[in-house]
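Notes to accompany the following structure.
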Amino acid sequence: MSTGTVVQVIGAVVDVEFPHDAVPQIYDALEIKSEGLVLEVQQQLGGGVVRTIAMGTSDGLRRGLEVVNSGSPISVPVGSATLGRIMNVLGDPIDECGEIGEQERYVIHREAPSYEDQSSSTELLETGIKVIDLVCPFAKGGKVGLFGGAGVGKTVNMMELINNIAKAHSGLSVFAGVGERTREGNDFYYEMKDSGVLDKVAMVYGQMNEPPGNRLRVALTGLTMAEKFRDEGKDVLFFVDNIYRYTLAGTEVSALLGRMPSAVGYQPTLAEEMGVLQERITSTKTGSITSVQAVYVPADDLTDPSPATTFAHLDATVVLSRNIASMGIYPAVDPLDSTSRQLDPLVVGQEHYDVASGVQTVLQRYKELKDIIAILGMDELSDEDKTTVARARKIEKYLSQPFFVAEVFTGSPGKYVSLKDTIRGFKGILEGEFDHLPEQAFYMVGSIDEAVEKANKK
C-alpha cells in the first residue's frame, strides 16, 4: 500500500508521483481517499510518475492530494448477489437498495480462456423474432451485433431479445449500458421489473454523462460478472448497449494520453482494444456466454473503422435499415444485409436453409425490379415477375412483428413465434399458398395463422 501525490490534472487524466521503489503497475487501481475517486494506471512516465485515468469526475482535484495504491486492478462483485441490482463501473450499487453483499470479487482485467478450454458445439438459440430466426439465426454461445444508425431500433430490439430469451430459456442475463442515455437505463430497469425477470438480470451502467475512463471500463465490469456465471456452469446472455461508445471512450482516453490518432481520428489501438474485450466473450466447456451487442453506425456508414472492426468478431450480424423503418416495418431488420455463420444446411437443416435462401432471392429480385416499376409501372412486368413482386411485398410485411416491449407504442400485444411456425409461414408464401390474401393481412402479425384470420375478418 504505497502512497503518492497528484502532480498534474488534465481533464480525466491525472498524473501521480510515487516513490521510485514503489511505482504502481499498469492497470493498478489507485484511490484518492479524500475525494472518494478511483484512478486506473495507464502509463508509467518515468521518474516515479504514472499517468492515470479517473473513473469518476475530476472536478475539484488539485495538486498535492494524497493517493493510495491498492496494489491490484479494479475488482467488482460477482455471483448471485449481483442479480436484480444496478451497479456502476466499480461494482458499487446505484439503485438505493443497500449493499450488494457479495461473497466474492473478481478483478476486471482477466485473461481470455485458452483454446483447449473453449467449446466448439453449435446449438441454435431461438429468439421468437421471425426475421432473426429465419435469416440470421443466433448460436448459443455466439456473438451477435445489432448494427444501425440513430433511431432505427437497436435498444428496442435488444430489450425484446432479453424479454423473449429470459422468459423462454430462463437463463441469466448481464446488461452493460455503455455510454447510453440514463433514461434508457431507467426504462430498461422498469421494463425488466414489470416483466418479472429482474431477478435474472445484473445491470452495470456507465452512462453518457460519465467520464471516458468510466465508459471504457464498464463493459469489462459487466463481462467479468458474466464470466463468473459461465464458470459456475450457467448459460449467460451478455448484452452491451452500445459497443460504439466503448470505442469512442477509447478514442477520448487515447487522445488524453497523447497517442497519435489513426484513421478518422480513432485511437491507434482500436483493433487491440476491441480484441481484448471480444476474445473474453466466449463459451467454455463449463458454460456459455451468448453476447448481443448494439453497434451504432456513424452516419449509416458501415465502412467506418469502429463498426468495421466489430464485424470481424461476430458470428451473426443483424443490420437495421432506415429505409425499412421508414416503411413502418418493425423490427427494421434488413434481410439482405444481415448474415449469420449458422445459416448452413448442416447446422439449421435443409428446409430452413432453402426457405431463408428463397426469401432472400425473392426480395433481391424485387429490389432489382423496383427501378423498372418506378419508371414503367407494374403492367410492363411479365406474369412471373408480377407474382414475384406480390410475394416479395407479402414477405416484407410478414417480416414485421409486434414486440412485447413496444406494446405501449403499437397498441397490439407482443407475439413470440416459434422457429417451426416461422419456417412454415415463409414456406407457404414462397409456394404461393397465400397468393389470394391481401398483403396488408401480413402486416404486424405473429404466426401465419393470424394473417389468414386477419384476412378472413375483412
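Cβ coordinates come from backbone N, Cα and C, glycine included.
Features reported for this protein in Swiss-Prot:
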BINDING   G148, G149, A150, G151, V152, G153, K154, T155  ATP binding site
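Each of the binding-site residues G148, G153 was scored by the number of other CB atoms within 10 A of its CB, and the lowest score belongs to G153.
Between the candidate binding-site residues, A150, V152, the densest Cβ environment within 10 Å is the one around V152. For the binding-site residues G149, K154, T155, the greatest number of Cβ atoms within 10 Å around a candidate Cβ is found at K154.
Within 10 Å of the Cβ of G151 (ATP binding site) there are 10 other Cβ atoms, across all protein chains. Same-chain residues that are not part of G148, G149, A150, G151, V152, G153, K154, T155 yet have a Cβ within 8 Å of the Cβ center of the ATP site turn out to be Y296, L320, A325.
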